[in-house]
C-alpha cells in the first residue's frame with residue numbers, strides 16, 4: 001500500500017519542558033483506516049494537530065502525499081480534512097453556509113451540488129438551511145464532518161469522533177467512515193472507544209506518554225498479543241486446587257465450580273492437552289468448556305500498563 | 001494566492017455584520033447624531049467659526065474619524081477574537097492559507113465595514129450642517145489608510161486579548177481618550193501653549209488634522225506630516241501582524 005502519511009522522528013516539547021510527543025515514526029497507507037489509541041494526554045491530539053498545522057513540531061518531519069507539512073503546507077493542508085474533538089461551530093450560521101465557507105477556505109471554488117451531496121450523505125440535507133444552534137449534538141457532530149469533507153480531502157482526521165455521541169449515531173458514523181474509505185479517503189481516527197477501533201480500523205497504533213508503542217494490523221495485533229482464557233466448568237465443586245494440577249496460569253474459581261486457565265496463543269504448546277490429561281488422572285469430571293479471546297481493550301490496557 | 005479563502009473569510013465577516021445590522025449601523029449613526037446635537041447645537045452656538053469654518057462643519061471630520069477608529073478596531077478585534085473564543089479558529093489555522101490571506105480577509109472586511117459606516121456618518125452630517133470636501137482624493141486616501149491601519153490594530157488586539165475585558169481595554173482606555181483629546185471637537189490652537197505641545201504627542205491628532213485638511217484646507221499640523229504618521233502606524237501594525245504569524249503568538253503552541 002502506498003504511504004500517504006510518513007512521519008519520522010516527530011517530536012513536540014512545549015516551552016515548559018513538557019514532552020507531548022517523543023520521536024514518533026509512523027507510516028500510514030493510502031485508503032486505510034488507522035486508529036490511534038491512547039489514554040488522555042498520550043499525545044494523540046498533538047500528533048494530529050502537528051500534521052494539520054495547528055501545533056508546531058520541535059523535531060522530526062512529516063509528509064502528507066509526499067509533501068512536507070511545513071514547507072509545502074498549502075499542498076498538504078489542501079489534502080487534509082480535520083474533525084476536531086470539540087464541537088466548535090458558528091452557532092448563528094446555517095449548515096449550508098458554514099460548510100460552503102469551509103470549502104472556500106481550503107481553496108476550492110463554490111460547488112453547491114457537492115455540498116448538498118455531502119449533506120445528503122450525512123443525513124443533514126433536511127437541515128440544510130437551519131442555523132446550527134437549532135441542531136442536536138449529534139447533528140452538530142455531523143456538521144463538523146461535513147465541514148471537513150467540504151473541500152474533498154483525501155486524508156481525513158477524526159479526533160474522538162464518538163465523544164458524547166449515542167450508540168445509534170455512533171454506528172451511523174461508522175457507516176459514513178466506511179463509505180469514505182471505500183471512496184479512497186485515508187482515515188486516521190483517535191478514540192477512547194476500543195470498540196470503535198476494533199469495529200473499523202485496518203491498523204491500530206497505541207500511543208502512551210508521547211511514545212508510539214506499536215502500530216500493527218488489527219487482526220495481527222490481536223493474534224500476536226491476544227491471550228485466551230479457558231474456563232472448565234466442573235461437575236462437582238472443589239475446595240482447593242489439587243496438587244497434581246499445579247499448573248502456571250491455572251486458578252480455581254471462587255465458588256470452586258470452575259477452573260480458569262489463561263494461556264498464550266503465541267506459544268507452541270498451550271498446555272491444554274496436558275491439563276485435560278491431568279484432570280483425567282485426578283478423576284475430576286468436566287461439565288463444560290469455554291474459551292474467550294482477549295478483547296482489544298484488554299490488550300490496550302495491558303500495553304499501557306506495561307508502558308508505565 | 002488562495003483567493004477563494006480570502007473571499008470566504010471576507011464574505012463570512014461581511015455576512016456577520018449584515019446579521020447584526022442594527023448594532024453595526026444604527027447604533028453609530030444615533031451616537032453621531034447625538035454628538036451633532038450636543039456639540040454642534042450646544043457648544044456650536046457659543047463658537048461661531050474656527051479657521052473660517054462653522055463649528056458644526058468643523059467637527060464633521062473629527063466625528064468621522066471617531067467612528068472610523070472605533071469601528072475599525074471593534075470589527076477587526078471581534079472578528080478574530082470570536083473564532084478564538086469559540087474555537088472555530090482551528091479551521092482557519094489548519095487551512096492552506098498564509099498570514100497575508102488571513103489578514104486580507106479579516107482586516108479587509110473590518111475596513112470595509114468601517115468605511116461604510118464612516119460614509120453613513122458623512123451622509124448623516126450633511127443633514128445637520130453644510131459639508132464641503134476640497135480635496136476628495138486626499139479625503140478618500142486618509143479615509144482608507146486610517147480604516148486599514150486601525151483594522152490592523154484591532155486585529156492585533158483581537159489576537160492579543162484572551163478575555164472580553166482585554167478586548168475592550170485598549171479601545172476604551174486608550175483610543176477613545178486619544179480621539180477626544182486629539183482635536184476632534186476643537187483646534188489645538190484653542191489650547192494653552194503647554195497643552196498644545198502635549199497634544200503633539202497624540203498620534204490621533206495627525207489623522208484628524210490631515211483628514212480635516214482634505215475637507216476644509218485647515219489643519220493643526222502639516223498634511224505631509226499627517227500622511228507620514230499614518231504610514232508609519234500602518235507599517236508598525238503590518239510588522240506586528242507579520243511577527244504574530246511568524247511566531248504563532250497566541251495562535252499556535
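Glycine too: its Cβ is placed from the backbone N, Cα and C atoms.
TrEMBL lists B:19-248 with the feature domain 'ABC transmembrane type-2'.
Tertiary proximity for the transmembrane segment (B:21-43) is limited to same-chain residues at least six positions away from its ends with a CB under 8 Å from its CB atoms, namely 55-56, 59, 63, 66-67, 70-71, 113, 116-117, 120-121, 124-125, 128-129, 185. Look at TrEMBL and you will find B:21-43 (among others) tagged as transmembrane segment.
Taken from TrEMBL, the feature transmembrane segment covers B:55-82 (among others).
Residues or ranges marked as transmembrane segment in TrEMBL: B:140-161 (among others).
For the transmembrane segment (B:167-186), the list of distant contacts is 39, 43, 50, 59, 62-63, 65-66, 69-70, 73-74, 77-78, 81, 154, 157-158, 161, 199, 202-205, 207-209, 212, 220: same-chain residues at least six beyond its ends, Cβ to Cβ under 8 Å. Per TrEMBL, the feature transmembrane segment maps to B:167-186 (among others).
Here TrEMBL flags B:198-215 (among others) as transmembrane segment. Outside the transmembrane segment (B:198-215), and at least 6 residues removed from its termini, the chain residues within Cβ reach (under 8 Å) are 58, 60-62, 64-65, 69, 131-136, 138-139, 141-143, 146, 175, 178-179, 181-184, 188, 191, 221, 223, 225-227, 229-230, 233.
As annotated by TrEMBL, transmembrane segment applies to B:221-245 (among others). Taking Cβ pairs closer than 8 Å, the transmembrane segment (B:221-245) reaches residues 98-99, 102-103, 138, 141-142, 145-146, 148-149, 152-153, 155-156, 159, 200, 203, 205-207, 209-211, 213-214, 251 in its own chain, all 6 or more past its ends.
Here the transmembrane segment (B:140-161) has long-range neighbours at 64-65, 68-69, 72-81, 84, 103, 106-108, 110-111, 114-115, 118, 167, 169-171, 207, 210-211, 214, 226-227, 230-231, 233-234, 237-238, 240-241, 244, 249-251, meaning same-chain residues at least 6 beyond its ends whose C-beta is under 8 angstroms from one of its own.
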